[in-house]
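What Swiss-Prot records for this protein:
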{"type": "ZN_FING", "residues": "97-119", "note": "zinc finger"}
{"type": "ZN_FING", "residues": "153-175", "note": "zinc finger"}
{"type": "ZN_FING", "residues": "265-287", "note": "zinc finger"}
{"type": "ZN_FING", "residues": "349-371", "note": "zinc finger"}
{"type": "ZN_FING", "residues": "377-399", "note": "zinc finger"}
{"type": "CROSSLNK", "residues": "LYS478", "note": "SUMO2 cross-link"}
{"type": "ZN_FING", "residues": "489-511", "note": "zinc finger"}
{"type": "ZN_FING", "residues": "517-539", "note": "zinc finger"}
{"type": "ZN_FING", "residues": "545-567", "note": "zinc finger"}
{"type": "ZN_FING", "residues": "601-623", "note": "zinc finger"}
{"type": "CROSSLNK", "residues": "LYS649", "note": "SUMO2 cross-link"}
{"type": "ZN_FING", "residues": "713-735", "note": "zinc finger"}
{"type": "ZN_FING", "residues": "769-791", "note": "zinc finger"}
{"type": "CROSSLNK", "residues": "LYS786", "note": "SUMO2 cross-link"}
{"type": "ZN_FING", "residues": "825-847", "note": "zinc finger"}
Amino acid sequence: MCSHFTQDFLPVQGIEDSFHKLILRRYEKCGHDNLQLRKGCKSMNVCKVQKGVYNGINKCLSNTQSKIFQCNARVKVFSKFANSNKDKTRHTGEKHFKCNECGKSFQKFSDLTQHKGIHAGEKPYTCEERGKDFGWYTDLNQHKKIHTGEKPYKCEECGKAFNRSTNLTAHKRIHNREKAYTGEDRDRAFGWSTNLNEYKKIHTGDKPYKCKECGKAFMHSSHLNKHEKIHTGEKPYKCKECGKVISSSSSFAKHKRIHTGEKPFKCLECGKAFNISTTLTKHRRIHTGEKPYTCEVCGKAFRQSANLYVHRRIHTGEKPYTCGECGKTFRQSANLYVHRRIHTGEKPYKCEDCGKAFGRYTALNQHKKIHTGEKPYKCEECGKAFNSSTNLTAHKRIHTREKPYTCEDRGRAFGLSTNLNEYKKIHTGDKPYKCKECGKAFIHSLHLNKHEKIHTGKKPYKCKQCGKVITSSSSFAKHKRIHTGEKPFECLECGKAFTSSTTLTKHRRIHTGEKPYTCEVCGKAFRQSAILYVHRRIHTGEKPYTCEECGKTFRQSANLYVHRRIHTGEKPYKCEECGKAFGRYTDLNQHKKIHTGEKLYKCEECGKDFVWYTDLNQQKKIYTGEKPYKCEECGKAFAPSTDLNQHTKILTGEQSYKCEECGKAFGWSIALNQHKKIHTGEKPYKCEECGKAFSRSRNLTTHRRVHTREKPYKCEDRGRSFGWSTNLNEYKKIHTGDKLYKCKECGKVFKQSSHLNRHEKIHTGKKPYKCKECGKVITSSSSFAKHKRIHTGEKPFKCLECGKAFTSSTTLTKHRRIHTGEKPYTCEECGKAFRQSAILYVHRRIHTGEKPYTCGECGKTFRQSANLYAHKKIHTGEKPYTCGDCGKTFRQSANLYAHKKIHTGDKTIQV
């Protein structure tokens, strides 16, 4: 106020009092403590003389105010008290202005006014371009820049431009890594105040924004705005490229980048670029290992708040999203959205390289890496690289053996959530995916997709090497490895490598002994769910796969597929070493081990090595005595299921496989194939020791025991060891008297099926083998092979002790006992021992008095057929054995042998 103007009307003290009252009336809300007059400004005389009447007072007042207010925290002059108070609250953190609706406090009255507009729903500012409404004029101006593309704020470091100065300021923190905002409760620092506020809301659970329609509350006003559009159905943004309508401008901006391919947000660590900044923020946490969001129930930490939000539903069991088609519920709306495409068949994302379409954009991105070969995620333990971070995370659990997913019903833990879900479906029987063509239901959507290709015949993948067409990309990738020989999946226990990760997983269970799949009927456990699925058909008797050629049915489609090759003669798998072809890839693999000598499976009991795990399993059953497969007809139990099948066919007489050369029928295709080698003379398996060749690899294996003298099969009752399991079984039958094979014609029983088969030919008179040399007809292939050696003089079985050779291996075995003194067959009555079971068999007749052979001439009976044969010569007068020295004749060769000693004078042998 000007002293020249006022001194005529008021005294000086009165003017000063009036000034103070005016100031305090204007700023009465601020409090006396916040006002401080500067030195030299306590009187009104400091103002120079001003011209004017009453207006001079206000002018003088405004001029004086610029000098009288200062901040207590630091010496700073303000032109108005409001600025002084604002600076002070910035230092103290005071929030004087409180919202009556939600209780939130603010430092500035203008912020409170702005906040109240959220509750009132007031949006007075409208965009002329799109018609979008805003609560504040600044937001409208900001929004207009989307349409104009104006970005006046540029980063000097990287050249990136922004439409807001605040965005530029926040962006600069990426370069200098500044974190200006700290959480008071947890001492965490953030680069942006919004991140700090979001972090606080997670811990406090504060959700101030509530939907008027349904009452749902949100942490952020933007989330509420987005949610409200669900009720209104408002989608104001339409994409010119694909026609998609989108509800928010930010989502619209992100969507446009799908078409342009723009990825403006780049990671400084690895150089990977992203189309949205939030994805970059989430990606950075891969490098930093930061997981700021922790579950209060189980303590699990997450990189993203959204993942924590969804994770909580595991504990609550909440699945708020329901499919209208099948009623399936989901924890996330995104999963429901993707699930619906199963019913609609929609696949909007297409690969430009191969034309394959996908229901999810992430699946397309994942697929593209097949073509590029990109594997950016590397394991620090073993160096293995992956094309997705989830695969790397899952892989790491191999090293850590972490199993975070536990089945609540059965307590089993799994390393992958997919394995847990699969495990649950096995027990619940849930099959949500149904084929529209035939109604068949499946546990997994991928199984349904694979099945649907049966109806469509679609096989989009063709192998350039062999021309094979394949239905799925994963199967195609596996198939290519057959030609390349690539085995990228290696077992850390034994070093064995595999072409697929699933095969490695199954293989690992050999080392761990894990058998997670259990049969509900018999309790038998399996390493693979597929084997359990097929095993169940043993109990149900289901054989859904039928051969069109011969009508034979199978439990597995794979068995039918292989079986068809018997009719077609197809052998697509060829050995590069010897050129031999096979109908099955597994047979080729097994055959290759003959050349390599590879034996990966070792028996812990006896230390023996095996080529196949099934052989090892079979060996184990010898020691455990386990025989899980039981015949329903006679109750006999078997160790391998193949023996039960063989036994069943003997009882039923089933012989589906017939030889085109001689008409002989067999119960198994392998027996037919083996038989064919008699006609072809094929013997591909050769012994390195003696050069002897065999038609079967197992015959070669057993033959080698002649040289090594290995006897792996031991009788538990008597302690005797044998080189062959058949010899052990035969030995056991001698002691037990077990005779399981009965002739339907005469009722005679036999210990071995081969003996029954030989016996039956007496009734049928069937003798399919005819000798070209002498015309003799013979009943069995083994006897025919022995007979031919009479003409050829071949004696391939040689005694290592004395060098004597024999025409058959059985004769050699019997001969060896002369040197060893071994007499394995003992009479239970008198304890006498014999070298051969046949001699024991005849000896027993002494005790039983049995004489089954009767002379037709005189009625005399004999224990042995040989004795009857010799006796008959008395009636006929036949004496076929002649002495070369004196011409005397004899009925028996033994008598001739004794007579010769008269001429030689040898008295060492007496008859």
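Note that Cβ sites are derived from N, Cα and C of the backbone, with glycine treated the same way.
Since we're looking at a predicted model, the values are computed, not measured.
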Nearest-integer angstrom distance between the alpha carbons (Cα) of LYS478 (SUMO2 cross-link) and LYS786 (SUMO2 cross-link):
48
Take the zinc finger (377-399) and find every residue of the same chain, 6 or more past its ends, with a Cβ under 8 Å from one of its Cβ atoms.
286, 366, 369-370, 415-416, 488, 492
What count of other C-beta atoms do you get within 10 angstroms of the C-beta of LYS478 (SUMO2 cross-link), across all chains shown?
17
Whole-number mean of pLDDT values that fall within the zinc finger (97-119):
79
Long-range neighbours of the zinc finger (545-567), counting only residues six or more past its ends (CB under 8 A):
534, 537-538, 583-584, 656-657, 669, 672
CB within-chain contacts under 8 A for LYS786 (SUMO2 cross-link), separation at least 6:
THR807, SER808
